[in-house]
Amino acid sequence: DLSLLRFISAELTRGYFLEHNEAKYTERRERVYTCMRIPKELEKLMFFGIFLCLDAFLYVFTLLPLRVFLAMFRFITLPCYGLRDRRLLQPAQVCDILKGVILVICYFMMHYVDYSMMYHLIRGQSVIKLYIIYNMLEVADRLFSSFGQDILDALYWTATEPKERKRAHIGVIPHFFMAVLYVFLHAILIMVQATTLNVAFNSHNKSLLTIMMSNNFVEIKGSVFKKFEKNNLFQMSNSDIKERFTNYVLLLIVCLRNMEQFSWNPDHLWVLFPDVCMVVASEIAVDIVKHAFITKFNDITADVYSEYRASLAFDLVSSRQKNAYTDYSDSVSRRMGFIPLPLAVLLIRVVTSSIKVQGILAYVCVVLFYCGLISLKVLNSIVLLGKSCQYVKEAKMEEKLFNPVLTATPGKPAGKQQSMFKSTQGISTDENGSTSVTNQPVHQKENTPSLLVTSNSDQFLTTPDGEEKDISQDSSELKHRSSKKDLLEIDRFTICGNRID
């Protein structure tokens, strides 16, 4: 009895029940809720990360000069107190002096770079050429950031390495010149970026600024449709935090240069305000859309951003120990690729050329401004430290502060690594097995046997049959290790791609 009438009637009256496929539709609804939660969770991570970058950036202007002064005072007055140990200066003091000298040398070298000539040279180029130049500058900035921290770390370690060891480097002076050259070239690169952005702000039809903002949306195409793991997304989040903070500093430099050209007329600031808001809004919108679709396509929950925030908080808390393994600003540089020295050199150069200090009252204002920066730095550090302790406690990561895991031995189980680490570092435990909070890591002696790096395959090849059961248990423990520990074990993130070595 097939007929057109019966077909139309069946199409109009047939029904279906969604509860027959409850799991599928529940999963789709959860994806929608995850996308709705992404803006809030992402911005909480961004907010915390930006203040971390601000803390490391303010350190260069506030506490670093004071630490350099104290180190120089100790070096000058050392004959009066006598040499109690083999070191003339502590390793942290040597690194502070090197940072200060690099900052001063690069600042004076920046005086030979004419900002006005660079501005007119860039302004004379066509819009398409400037768009290409801006893209090239972004790529070059990532490459410089990726390699720059390695250059600085090589200098710090070469200058503070124990002298008893066999020399396996080219010397402190060549490393120092490499670091100075890197900071100077990176500062020039950031200056060209700021100048290009300034030209876009001052163009009559705003076409260049529109093209530059549309370039942010091209970033979505290059990221959304790639496969991402949690570690890769953590790397991208850190890169986005660094990029957003750097853009804020570039906008500050553009506003300073424009206000100087208009004799600090406050009315011109309201002319720049819409363009500044457009740049900031486009950055936020691109980050939200990019992370929302990455988490959707890779089945990653929004709670992962709280894990990322706890990992950054862990770095801050661990660096506040008396004898920490690294300075906090260097830790931020390794995590996010944000290196404060080139940006600080450029900002000091722009401020000193834009603002003229004349008279006693002007110098008093400079001193008061410096005291205000120190107060802001201290307040920001206290608030960040309190929040970081809260995040670490919520993530239940307190025991990792005093039970470090050796990241260079992926083939060994975590328990054996911690026991070996305690025995070599001299961390004492009480009767209950809890580590002492007051104990700090000490330097290993040369006759201490080194920990060999072995892989899983090496273990199976060299282990007798009697230990096969133990190895299988260790491998099962490694499979069930939490993702939070994996984040902490990643010490260096390359910000040039999506692959983590």
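Just so it is clear, glycine is given a Cβ too, placed from its N, Cα and C backbone atoms.
Taken verbatim from TrEMBL:
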- 46-73: transmembrane segment (TRANSMEM)
- 94-113: transmembrane segment (TRANSMEM)
- 176-201: transmembrane segment (TRANSMEM)
- 338-355: transmembrane segment (TRANSMEM)
- 361-386: transmembrane segment (TRANSMEM)
- 412-483: region 'Disordered' (REGION)
- 416-462: compositional bias 'Polar residues' (COMPBIAS)
- 469-483: compositional bias 'Basic and acidic residues' (COMPBIAS)
Stretch among 46-73, 176-201, 338-355 sharing the most Cβ pairs under 8 Å with the transmembrane segment (94-113):
176-201
What same-chain residues lie close to the transmembrane segment (338-355): Cβ under 8 Å, and 6 or more beyond its ends?
53, 56-57, 59-61, 99, 102-103, 106-107, 110-111, 115, 144-145, 148-149, 152, 183-184, 186-187, 189-191, 194, 241-242, 245-246, 249, 252-253, 256-257, 259-260, 329, 332
Beyond the flanks of the transmembrane segment (361-386) by at least 6 residues, Cβ under 8 Å:
48, 51-52, 54-55, 58-59, 61-63, 316-317, 320
